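Following: one structure in structure tokens, then a few remarks.
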Amino acid sequence: MDKYTNRDHPDYIPGTFNIYSSQNLENGIIYESKLKKTSSGVVLIPQPSYSPNDPLNWSSWRKLAHFGLMAFITAFTAATSNDAGAAQDSLNEIYGISYDSMNTGAGVLFLGIGWSTLFLAPFANLYGRKITYIVCTTLGLFGALWFALAKRTSDTIWSQLFVGISESCAEAQVQLSLSDIFFQHQLGSVLTVYIMCTSIGTFLGPLIAGYISAFTNFRWVGWVAVIISGGLLITIIFGCEETYFDRGQYMTPLTSCQSGYEDGTTLQNSDNTAVSRRKRHLDAKLSTPGAMGEKGVDLSETAEFEVNNEEEVTIPETRELIDGSKEHLKPYPKRVAILTKATNLKGYGFKQYFKYLKINLRMFLFPPVWLSGMFWGIQDVFLTFYLTTQESAYYEPPWNYSDFGVAIMNVPTLIGAVIGCICAGIVSDYFVLWMARHNRGILEAEFRLYFSIATAIIGPAGLLMFGIGTARQWPWQAIYVGLGFVGFAWGCSGDIAMAYLMDCYPDMVLEGMVCTAIINNTISCIFTFTCSDWLAASGTENTYIALAVINFGITAFALPMYYYGKRIRLWTKRWYLQSVNLRDGV
């Protein structure tokens, strides 16, 4: 039993990994097969099964094809969620739809993104990942069509609700799909591309929509989205492979840590009291009064996280483990099936659906979820502010920008976001591995937070340069550099938020991202309604000084989390394990 890979081990701490095999794991053999590792000796986490249908065993081209589709979904939904501004002048002039109504539509969009993420998430655990992409793309197509035909205020508001729902699949489902096909040590780089795609859609979407509106008319902003949504929907239906795979049913190299016997095709646990065995593992460290963990944490404090007596933790009964090496690759029609029923689906899954909703909401009790949500959410708030400032200030003297000039202001922000993604993603992957090598191979989730230092300095500096520069009419070069700094903080913070949370609770990726999306988009919704009033009441310069202070303050939360993060993960371990067992036992 290895404490870094087996969550039943009494010394297991979520978010603490050993990038190299420990002595126990190196000697652990099942069917004469050692643990799977990279060519450089990094242990693959999670350990793949022997089945050709395991997404972790997909060929490189299959992974790249799926990754490319997920990247396009992310970029496209981000773009459609930010393109309405290109049509607001025309809607105001032709139909008298006020700018306040457009802001209301933006607020509704954020609510649609955040809360539909929660209500759609259980479908991924019941009917596979693919169905959510189909539902979201279909609703996005409908929202774009409604916007293309908009003539009334209600059209501009309610169409944005459907557009927001369409982006919800990129808030949590995409990350889940990517974690299905990539290993732990690859997620930093993968998330970098994810955040870059979000950046491209967020910053280039308004630019492209502006050109479409200028060269045709504002309705084509919606019609182009309809056309692309239709093509994307067809691609998803016929080309998107399902990544749901119940690895718990299959033998992996880690099953060498279990007692069992070989019967030719299966491995069956010889201990028929799986529940009591798991209880012994959990209670050994977690239920002993005054038991002390690493850094002197009193584990008895976790008692407050115990499940109520009337709420049973359902753990699947002991079952035979399948030797996946004897399976054949599924035929293509089954690999792209619209629905892939979960192995634990009961009937139509109505009761399970509401149980999954409850489990998702449990993640609000985990401090790293709040840190991730605030990191991501506050950057979206700044996005709202500087886009509003661009639209309200730069059409007027002394700037006198055209629609194209204002749209071009998104380019330096995009460049900064790409650099931030690379810094917090690819560079951080090498950095955390370097840190782990100097820590006896032990990788802590908090290593990712080192890169918050750059965000805490560069982000506020960018807000000050843009805000004060706009108010005092500085040269455009200083203002554009400020926008680049803001973009850097946007990309860097997003990457840190996603990677840190996925490292902290690797078996609850979807649930964590759902709560992060709710926090993020609820914060964004609130500030969408207050942005214009704040700028009008305090003025551009004072508003951006306040935003810079808020940026630094929220980013500074990374410091106590770095020092106390492992203690918090240990403190929430029992609740985490119970949540995983509840989900897997639904």
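Including glycine, each Cβ sits where the backbone N, Cα and C put it.
The membrane topology recorded in Swiss-Prot keeps Gln88 and Ala499 together on one side. Listed by sequence, the residues of this chain that lie at least six past the ends of the topological domain 'Extracellular' (125-130) yet keep a Cβ under 8 A from its Cβ atoms are 173, 176-177, 180, 236, 240, 242-244, 336-342, 345, 349, 352-353, 356, 510, 583, 586. Per-residue confidence over the topological domain 'Extracellular' (125-130) averages out at a pLDDT of 95.
Contact between the transmembrane segment (509-529) and the transmembrane segment (67-87) is absent: fewer than three CB pairs lie under 8 Å, with pairs separated by 6 or more positions in sequence. Contact between the transmembrane segment (190-210) and the transmembrane segment (67-87) is supported by 3 or more Cβ pairs under 8 Å, counting only residues 6 or more apart in sequence. Against the transmembrane segment (67-87), stretch 104-124 has more CB pairs under 8 A than any other of 104-124, 414-434, 478-498.
Non-local neighbours of the transmembrane segment (414-434) in the same chain are 19, 42, 185-186, 188-189, 191-193, 195-196, 199-200, 202-204, 443, 447-448, 450-451, 454-455, 462, 483-496, 499; each lies 6+ residues outside the stretch with a CB under 8 Å from one of its CB atoms. Most Cβ pairs under 8 Å with the transmembrane segment (545-565) belong to 363-383, among the candidate stretches 131-151, 363-383, 478-498.
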